[in-house]
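Q: This is the feature table in Swiss-Prot:
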- LEU121, GLY125, HIS126, LEU127: (6S)-5,6,7,8-tetrahydrofolate binding site (BINDING)
- LYS230: N6-(pyridoxal phosphate)lysine (MOD_RES)
- HIS229: site 'Plays an important role in substrate specificity' (SITE)
Amino acid sequence: MNTLNDSLTAFDPDIAALIDGELRRQESGLEMIASENYAPLAVMQAQGSVLTNKYAEGYPGRRYYGGCEFVDGVEQLAIDRVKALFGAEYANVQPHSGATANAATMHALLNPGDTILGLSLAHGGHLTHGMRINFSGKLYHATAYEVSKEDYLVDMDAVAEAARTHRPKMIIAGWSAYPRQLDFARFRAIADEVDAVLMVDMAHFAGLVAAGVHPSPVPHAHVVTSTTHKTLGGPRGGIILCNDPAIAKKINSAVFPGQQGGPLGHVIAAKATAFKMAAQPEFAQRQQRCLDGARILAGRLTQPDVAERGIAVLTGGTDVHLVLVDLRDAELDGQQAEDRLAAVDITVNRNAVPFDPRPPMITSGLRIGTPALAARGFSHNDFRAVADLIAAALTATNDDQLGPLRAQVQRLAARYPLYPELHRT
């Protein structure tokens, strides 16, 4: 029996049911993990296309397989769109993820054993910025800068001193859990002083940059890497941008054949569609609401009724799409707070805070993000309601108080149906 044209529901109802369950979970609650977003239906349609069938090793016009005329068109559109979106001269859209984009960039511009300098993972950096058990900490000599113990901000004087001490070949500016903007011009000046390459990883804030509500690192960095989901709201994948033709050539070789074989044409098509969406006025409005929503949340969580329970907002606020909640002086630890919000159908993730006394699987913090709610269309008033619900859940004195909060969350979520075309009858 030929199963080529069988639907997923007909052939594999077990997987279909699990996917449907995940759709309903995403729709019925509030998704507030800062690295998650809702991909538009058009993006998912592009990713679920027949392009998944095509091998296309190489680059547009220079493939090692025949029949690539349409794949070439797709990839060239993605390249042209992302260059225009971020004002870059060169772009590689083939990396399968942000991690592989970072790996390819390091492979292109460093030798094994070279020194790199990035933000400590314990202070908000990313594991690919030099964590010892990651490739970046195994292949390279990883050193780190940290945030100040006084204000939890990156101390640029300390970064400069670390650069002079360690003389890195690459300085990495970027983060996975840091609520403020970075000074890209100062990072570049420090990199130039020690003859280092500056790589900016804008995976978390790329959507804000595209919308013009966050400074762009592209004019300052030698190389910029990013994911294409998170605030950018596209499919899971990576990109690499630069303005130097010599660096671009090295990066292209490092991606293919250095790191990857055949590119994922269906994902590149989805990236291209996401880049087109990110150039629309509606996207800029959404990113502003995302930023405003995070600031509304931060403001609510600094109010006396929350602060008196030992709950604080790291740095006192945010410049980006996320809020870092400091629970070191609270009754709840990070795991307990994550579970408390999950009980009212608000999904967040526990996160270490700088100088955290608790183990990484427990933590003393929460990372709460607004991109997914902004994508659903949440207004400023909606974000105020969400902030009140989070504050109420975190300060609840018994589990009986959580049931009514969960009902309020579900009513709020129901006002914004998610992917009605995908619901099975």
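Glycine is no exception: its Cβ is also placed from the backbone N, Cα and C atoms.
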Q: Would you mind reading off the Cα separation of LEU121 ((6S)-5,6,7,8-tetrahydrofolate binding site) from LYS230 (N6-(pyridoxal phosphate)lysine), to the nearest angstrom?
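A: Distance (Cα to Cα, whole Å): 19 Å.
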Q: Judged by the number of other CB atoms within 10 angstroms, which among LEU121, LEU127 is the least packed of the binding-site residues?
A: LEU127
Q: Which residue among the recorded positions HIS126, HIS229, LYS230 has the fewest other Cβ atoms within 10 Å of its Cβ, if you could check?
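A: Counting other Cβ atoms within 10 Å of each of the recorded positions HIS126, HIS229, LYS230 gives the minimum at HIS126.
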Q: Long-range same-chain neighbours of GLY125 ((6S)-5,6,7,8-tetrahydrofolate binding site), Cβ under 8 Å, sequence gap at least 6?
A: GLY118, LEU119, MET131, ALA144, ILE172, GLY174, TRP175, SER176
Q: Same chain, not part of LEU121, GLY125, HIS126, LEU127: whose C-beta falls within 8 angstroms of the C-beta centre of the (6S)-5,6,7,8-tetrahydrofolate site? Give them in sequence order.
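A: Other same-chain residues with Cβ inside the cutoff are GLY118, LEU119, SER120, GLY124, THR128, HIS129, GLY130, MET131, ASN134, SER176.
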Q: Where HIS229 (site 'Plays an important role in substrate specificity') and HIS126 ((6S)-5,6,7,8-tetrahydrofolate binding site) are concerned, what is their Cα separation in Å, rounded?
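A: HIS229 (site 'Plays an important role in substrate specificity') and HIS126 ((6S)-5,6,7,8-tetrahydrofolate binding site) have their Cα atoms 16 Å apart.
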Q: Rounded to an integer, what is the Cα-Cα distance in Å between LYS230 (N6-(pyridoxal phosphate)lysine) and HIS126 ((6S)-5,6,7,8-tetrahydrofolate binding site)?
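A: With distance taken Cα to Cα, HIS126 ((6S)-5,6,7,8-tetrahydrofolate binding site) is 14 Å from LYS230 (N6-(pyridoxal phosphate)lysine).
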